[in-house]
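Colleague: Take this structure first; my questions come after.
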Amino acid sequence: MVASLLCTVAVAVLAVAAVGGEAGVVEHTFVVHEMNVTHLCNTTKIFVVNGQLPGPTVDVTEGDTVVVHVVNKIPHGLTIHWHGVRQLRSCWADGAGFITECPIPPGSERTYRFNVTDQVGTLWWHAHVTCLRSTINGAFIIRPRDGKYPFPTPVKDVPIIIGEWWELDLVELDRRMRDGNFDDNPLSATINGKLGDLSNCSGIVEESFVLNVKHGESYLLRVINTAFFSEYYFKVAGHTFTVVGADGNYLTPFKTDMVTVAPGEAIDVLMVADAPPAHYHMIVLANQPPEPDPQIPEYISRGLVRYTSADANNNGLPVPMPIMPNQHNTMPSYYFHANLTGLMHPKHRRVPMHVDERIFIILGLGTICRGRKHTCKRQRSLETIELSTMNNVSFTHPYTTALLERYYDGTPEGVYTEDFPVRPPRPYNYTNPALIPPGPLEEVLEPTFKATKLKRFKYNTSVEIIFQSSTLLMSDSNPMHLHGYDVFLLAQGLGSFNAKRDIRKFNYHNPQLRNTILVPRGGWAAVRFITDNPGMWYLHCHFEFHIIMGMATAFIVEDGPTPETSLPPPPPEFKRCDAS
């Protein structure tokens with residue numbers, strides 16, 4: 001059935017221009033359907049695109065127009081988000097469920113159409129309703145128009161998509177988390193949909209991802225973390241990497257033997273096959289904070305780098321394993337991200353030195369009483385439900401309309417307000433370890449409420465945001481993803497942000513441009529950007545349980561003074577919520 005489906009579903013590429021020529025149109029058809037997959041002795045029904053896990057790679061050249069027809073054959077509504085694509089003046093195609101559009105109903109179709117402008121590198125796409133992105137995802141590759149890279153041209157590029165294998169129904173998982181149940185865990189990490197040979201059931205060993213290489217050649221590994229819960233360490237035994245890009249932007253080349261990638265991030269690394277021809281294991285390993293934070297199982301997957309000239313049995317020798325950090329040691333992630341800088345080139349945008357609006361956002365957790373109670377026993381009792389917060393506000397998603405529609409129509413009443421708090425209600429020691437586990441002090445600091453509070457900006461405003469992770473209830477890192485924008489990551493640090501001390505650390509010369517900003521565990525991150533893309537843009541943590549719990553808001557960017565700086569009307573293929 002899947003084979004016949006793939007034969008009838010044409011993934012067409014129309015008028016794709018030759019390198020250096022005119023921009024073309026890249027067209028795909030995504031058929032979203034159910035598929036049974038057996039892992040660890042159990043068969044699970046999952047949702048996939050075109051019979052593939054991960055889904056098809058969208059491969060375009062800078063300047064192309066992308067057209068994707070999505071056919072929904074599953075019993076749930078869904079949208080497709082083009083993670084990291086700027087969507088300049090095409091906010092209607094962003095694909096954020098109930099933010100820019102209502103979901104595509106079962107049995108219906110929708111077309112996404114947008115241009116890829118001034119971006120080169122690795123992004124990705126994924127479902128953006130409930131937990132469906134676990135299996136509905138794929139790489140989105142943007143190649144330079146002139147065919148030239150600011151690093152040695154690889155012989156091949158390979159997506160390395162890190163994910164997780166869930167046996168639990170993903171819609172049920174979403175429902176359970178919204179009800180405050182966070183005891184469910186995936187069974188394994190995956191590399192390109194494969195669990196790897198460290199997983200087995202009744203002696204049946206799971207299949208591993210295999211990367212075949214030729215000695216002396218270089219490979220561009222496009223490492224993407226699609227997981228729900230964890231940052232991942234990625235290593236290949238006997239090999240080193242040169243990090244050259246992240247989130248669709250070039251980086252100053254940085255040599256390392258390990259990559260750390262948080263949920264939502266895409267990291268480009270060059271790997272030269274310069275080891276003695278043999279077989280070498282690759283490992284992805286999830287990290288997590290140590291106790292007293294709540295603990296999760298060890299998520300790991302093992303793949304293989306196989307030299308084509310090597311003996312099939314590796315000359316009878318054991319296959320080398322990379323030495324991985326302790327999973328409870330999160331500092332390698334901090335140092336990896338802190339060592340990255342942007343590559344200066346003629347098209348690299350300059351950091352805004354003047355700031356019009358400053359925002360200070362505390363990322364934390366809070367509790368509210370269940371049901372309609374006004375008072376209840378707090379501190380993780382059965383009377384409360386835990387929520388993720390930004391400045392003590394937990395975001396409430398609309399489920400019958402889309403925020404962009406209401407903004408465009410000028411009818412926000414009863415749906416959202418524009419009073420998102422730009423600073424926390426009270427200052428405190430945000431990274432005090434005594435706040436873990438919860439006690440009486442948290443009850444004073446974390447009063448929380450649910451609301452749909454947005455922030456409005458005028459066009460061409462220079463914005464600075466300090467994201468501060470807190471230790472309220474636990475000490476997670478927070479990968480914050482802003483739709484529609486790349487932001488300058490000026491600095492990251494540990495502890496509570498202190499402006500007098502920490503502003504001296506800001507990198508104004510060659511900061512990274514990122515769409516997903518990892519705010520360190522017990523630390524902070526400072527970003528700046530110019531509001532030059534009108535529309536409704538979702539800001540949220542990319543840990544699935546954090547977004548479901550409410551660590552989100554949306555930014556409204558007003559129109560500029562000209563049609564070229566304004567949000568156009570919905571395109572003909574756009575389906576309004578009342579017509580979905």
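Placement of Cβ uses the backbone N, Cα and C atoms for every residue, glycine included.
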Colleague: HIS126, HIS542 bind Cu cation 2 in Swiss-Prot, but which of HIS76, HIS83 does that record place at the same site?
Modeller: HIS83
Colleague: Per Swiss-Prot, what member of ASN432, ASN460, ASN478 joins CYS541, HIS546, MET551 in binding Cu cation 4 at one site?
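Modeller: Candidate in the recorded Cu cation 4 site: ASN478.
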Colleague: Do you know which of HIS69, HIS483 Swiss-Prot groups with HIS128, HIS540 in the Cu cation 3 site?
Modeller: HIS483
Colleague: Rounded to a whole number, how many Å is the Cα of ASN339 (N-linked glycosylation site) away from the Cα of HIS83 (Cu cation 2 binding site)?
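Modeller: A Cα-Cα distance of 24 Å.
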Colleague: Can you tell me which of the binding-site residues HIS481, HIS483, HIS540, HIS542 is spatially closest to ASN460 (N-linked glycosylation site)? Compare CA atoms only.
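Modeller: The answer is HIS483.
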Colleague: Tell me the Cβ contacts of HIS542 (Cu cation 2 binding site) under 8 Å, same chain only and six or more apart in sequence, or just say none.
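Modeller: Same-chain residues close to HIS542 (Cu cation 2 binding site) (Cβ under 8 Å, separated by 6 or more) are ALA262, PRO263, GLY264, PRO479, MET480, HIS481, THR516.
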Colleague: In the structure shown, which of the binding-site residues HIS83, HIS126, HIS483 has the fewest Cβ neighbours within 10 Å?
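Modeller: The binding-site residues HIS83, HIS126, HIS483 were compared, and HIS126 has the fewest Cβ atoms within 10 Å.
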Colleague: Of the residues in the domain 'Plastocyanin-like 3' (419-561), how many are helix, strand and coil by DSSP?
Modeller: 22 helix, 57 strand, 64 coil
Colleague: Which one of these glycosylation sites has the most other Cβ atoms within 10 Å of its own Cβ: ASN36, ASN42, ASN339, ASN392, ASN460?
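Modeller: The most densely surrounded of these glycosylation sites is ASN392.
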Colleague: Cα within 10 Å of HIS81 (Cu cation 1 binding site): which of the recorded positions ASN42, HIS126, ASN429 qualify?
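Modeller: Of ASN42, HIS126, ASN429, within range: HIS126.
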